[in-house]
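**Student:** Handing you this structure, nothing more for now.
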Amino acid sequence: MGAPGLRAATAALGLLLCAGLGRAGPAGSGGHGAPGQLLDDDAQRPCPAACHCLGDLLDCSRRRLVRLPDPLPAWVTRLDLSHNRLSFIQTSSLSHLQSLQEVKLNNNELETIPNLGSISANIRQLSLAGNAIDKILPEQLEAFQSLETLDLSNNNISELRTAFPPLQLKYLYINNNRVSSMEPGYFDNLASTLLVLKLNRNRISAIPPKMFKLPQLQHLELNRNKIKNVDGLTFQGLGALKSLKMQRNGVTKLMDGAFWGLSNMEVLQLDHNNLTEITKGWLYGLLMLRELHLSQNAINRISPDAWEFCQKLSELDLTFNHLSRLDDSSFLGLSLLNALHIGNNKVSYIADCAFRGLTSLKTLDLRNNEISWTIEDMSGAFSGLDRLRQLILQGNRIRSITKKAFAGLDTLEHLDLSGNAIMSLQSNAFSQMKKLQQLHLNTSSLLCDCQLRWLPQWVAENNFQSFVNASCAHPQLLKGRSIFTVSPDGFVCDDFPKPQITVQPETQSAIKGSDVSFTCSAASSSDSPMTFAWKKDNEALQDAEMENYAHLRAQGGELMEYTTILRLRNVEFTSEGKYQCVISNHFGSSYSVKAKLTINMLPSFTKTPMDLTIRAGAMARLECAAVGHPAPQIAWQKDGGTDFPAARERRMHVMPEDDVFFIVDVKIEDIGVYSCTAQNSAGSVSANATLTVLETPSFLRPLLDRTVTKGETAVLQCIAGGSPPPRLNWTKDDSPLVVTERHFFAAGNQLLIIVDSDVSDAGKYTCEMSNTLGTERGNVRLSVIPTPTCDSPHMTAPSLDGDGWATVGVVIIAVVCCVVGTSLVWVVIIYHTRRRNEDCSITNTDETNLPADIPSYLSSQGTLADRQDGYISSESGSHHQFVTSSGGGFFLPQHDGAGTCHFDDSSEADVEAASDPFLCPFVGSTGPVYLQGNLYSPDPFEVYLPGCSSDPRTALMDHCESSYVKQDRFSCARPSEEPCERSLKSIPWPHSRKLTDSTYPPNEGHTVQTLCLNKSSVDFSTGPEPGSATSSNSFMGTFGKPLRRPHLDAFSSSAQPPDCQPRPCHGKSLSSPELDSESEENDKERTDFREENHRCTYQQIFHTYRTPDCQPCDSDT
């Protein structure tokens, strides 16, 4: 019953009571009581004539009173003076009402809070709503010490400035005023008691920070204000708040942490605002939230992690918003949600797993959306809703229902499909819902063909007839008839008015910026207008460029075929996705397969590696990054391969997610070209960067002092390392080196060769190497000792004077017979000419005698590099020297694959020269190589020559000192029963004409004799036996200067050793196979065999050319 009815009943009851009591009167009174007075059974309880009395309530409302009735009964506990014209209160009229606790002065003409006098301290509830109060003054309220409820609604209060006095107030209502500003701390004196605060329908536009320090407040209402933004921590201090209502404020922005501190709040109502997005930022801290009402907003997006802090939510209202899609993360984390209301949105897309996490959901309201495509074409949209009881899908423009549309809804009890013009339902579309109790379906558009025959029987079996109103629209004979009135035989399939897809769109790949088209066709027997649509990733394409065609196609009757072409211009990466065509008419829609479009773009570099020069030991950093679609893979190569020295040593680092390639502790072997390759399915691009490593100069080998005999060749080594390769300069005794015709530099000044050394050459030689990083110096001391005396004058090399140099020749003393106990050393000094002998794979030059090159150029790291011929500048500055070899002799190749290269000094550089494949093209190791030159260093060098045979065979040649031909004898030990044959076969004799014709004229010969000795006759390690005379001679080349012509009589004759007696040589011809092949061409060549005391002499003619004045001479040594 309403308030007016209650008041009427109360008044009627009061009149009856007054009339009855007035007639009865007290016993013996003899008359009536005072008119207008109410008396109870125990005593008289007077009630003013203008009021109504009911229990402890005195109701004087709606009497147009301008002053209080007088007198008021003292028993009044509740006094209602609302809806009068009171403008002031007479305190004297209330002073005797000591029991008064509740006063209602609503809708009067009061302009201030009235003073009720002494009884104010007893008042618990004071209602002053609907007056003209414009201020709340603390002094006006101080007397109400027991006040618990104060209603100041519907007044003219415009500001809340002066703080409330300390009261026991629990309920404060200041609704529908003109409050536009509030002072922080205004309610602080009510902090311990206030439970409910209502500030609805005011003009509040902002809430000041720390406005509400009310730890006991449970309910706060701010509806219908003008709050547009809510800053973070706005409601801090309301730790006990249970509900907050901010409806109809026009809120557009909720900052992060807007509701932080409301950890106990359970209900939040934000309906009728302008929020556009739900994010976890403004929901932060709402850990106990149970209900969230967001209807009538403009929400169009739910961020993936929005519900991270609201996982206890049980009811969510999102009705009347702008949601168009529900993604698989839209409700992630809401496992306790019981009711979800998304009605009256624009939802057209529901992801397959959109509801999968809602395991407790019981009610899902999706009414008045556009999810027809989700129901018609997708399966599993409602999977995961294991406890769903009610599903409302009315008004969603659903036209057909597939068999899998409601997969997973096994517990559904209520399904509402009303308001949809459903045309077809696949067989057993509802069969999996075993607990279904209500199915609401009303449609008049059904296609009553053979595929719908199951529906009437199933509805009847489940007693759903009262909820289903369905009639046929096709065929024409059944149009308008209820499906329950059509016999099963009436559902036939004579045609197919619903479109049937005949041409499916095809999956494609395209380059960014190109044009793409998809084609789709469908056929139908109906002439109903056809509509075409395209979807991308299950969402309708708006404003798509389409071309639509229609034509007749005969196939057992007249059929119409419809074709739609989707054209995509200048495709971008955002164009990627799955495209599907939807062709519809009045009878339903058909959906094509989904064709995938992939957009590719050739990679392009955003960071290109740059050339880098860095010191050894530092860290190299190369950057490389590329973009493309799909994202390109970055790969690195070094010098075209994947062999990284830094990788083997675990000094290389490539971060998969980084753009930087690191090499720590850079070394010389890291030098090279590094290639960065970016590759994807569209192609690949590469960029190169050169890494240069700088290293300070250093000595790769220790500097060794040298001791040579006067007249010998001295070779000083300074093998330099560094990057860039250092420049070398030699000084002698801390002074610039005076370069003479006897000084030669080789291998980039790493070798200093002094020919025909003299005592004046002795001293301290300093090698200074320098590059851009620094300078390094080292000293070598050269000692020159006088020439040792020899037993035979024939062993002494003829002297050379400076005027006789035509070719820089080297005459080396060999076969020195010294005191018993001194070692016998076979030493060969060989300086080869610059003309390359073709049998050693060296190109011959024409007639000009130039110095030969060092066999292999030594790089700064001491490794063998390519040959470099030509002139180089000496470090002294102005003087130029030709790069020459420390060995000047010929190398005699052995064509059966065995051979050895010998040199004329004891330097390691000569040993390295032996490994040059251009000079010694054989296979194997050399064995010991004996170097002549230093009489005090007879030790052999064990050298492996990659191109030489493993059979150590020595080619010994005589040095020609004058223009004659002399006959030399070469001795070899007799190792077996056939020494001559084996020794002669072991000597690598050259092709006689090929070797000699390149240097000497064919009209002169040279005889060589070989002695075959007993095995004990020669010992390389212990020296000669007494009485054994041997010679070690070499056939020398030139350095480009003419030799002085020596005296002919110096070698005119030679003595036969006393122990050389004729011995039989088994009658075998021991000449070289090559010499045999040349015997017919050169009849001057002859072989002479003699055997003397187990020694054989092999004599062969060499045609040699030294100078035009050379005379042939036959000499026996």
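The backbone N, Cα and C atoms fix where each Cβ goes, and this holds for glycine too.
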**Student:** In Swiss-Prot, C520 sits in a disulfide bond; tell me which of C472, C493, C581 is on the other end.
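**Tutor:** According to Swiss-Prot, the disulfide partner of C520 among C472, C493, C581 is C581.
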**Student:** Of C624, C718, which cysteine does Swiss-Prot list as the disulfide partner of C676?
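**Tutor:** Record-based pairing for C676: C624.
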**Student:** Identify which of C718, C790 is listed by Swiss-Prot as the disulfide partner of C767.
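**Tutor:** That record, Swiss-Prot, gives the partner as C718.
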**Student:** Cβ under 8 Å to the repeat 'LRR 10' (288-309), counting only same-chain residues 6 or more beyond its ends: which ones?
**Tutor:** 263-280, 315-324, 327, 329-334, 341
**Student:** Give the sequence-ordered list of residues that share a chain with N274 (N-linked glycosylation site), lie 6 or more positions from it, and have CB atoms under 8 Å from its CB.
**Tutor:** G250, V251, T252, N297, A298
**Student:** Can you tell which of N156, N442, N469, N729 has the most other C-beta atoms within 10 Å, given these are the glycosylation sites?
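**Tutor:** Answer by Cβ density within 10 Å: N729.
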**Student:** Rounded to a whole number, how many Å is the Cα of N442 (N-linked glycosylation site) away from the Cα of N729 (N-linked glycosylation site)?
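**Tutor:** The Cα atom of N442 (N-linked glycosylation site) is 107 Å away from the Cα atom of N729 (N-linked glycosylation site).
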**Student:** Determine, to the nearest whole angstrom, how far the Cα atom of N729 (N-linked glycosylation site) is from the Cα atom of N688 (N-linked glycosylation site).
**Tutor:** 36
**Student:** For the repeat 'LRR 10' (288-309), would you mind checking the mean pLDDT of the predicted model?
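**Tutor:** The predicted confidence over the repeat 'LRR 10' (288-309), as a mean pLDDT, is 95.
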**Student:** Rounded to the nearest angstrom, how far is the Cα of N469 (N-linked glycosylation site) from the Cα of N688 (N-linked glycosylation site)?
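**Tutor:** Here the two Cα atoms are 76 Å apart.
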**Student:** If H, G and I count as helix, E and B as strand, and all else as coil, what does DSSP give for N274 (N-linked glycosylation site)?
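**Tutor:** Looking at the DSSP assignment, N274 (N-linked glycosylation site) belongs to neither helix nor strand, so coil.
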**Student:** Could you tell me which three-state DSSP class N156 (N-linked glycosylation site) falls into?
**Tutor:** coil
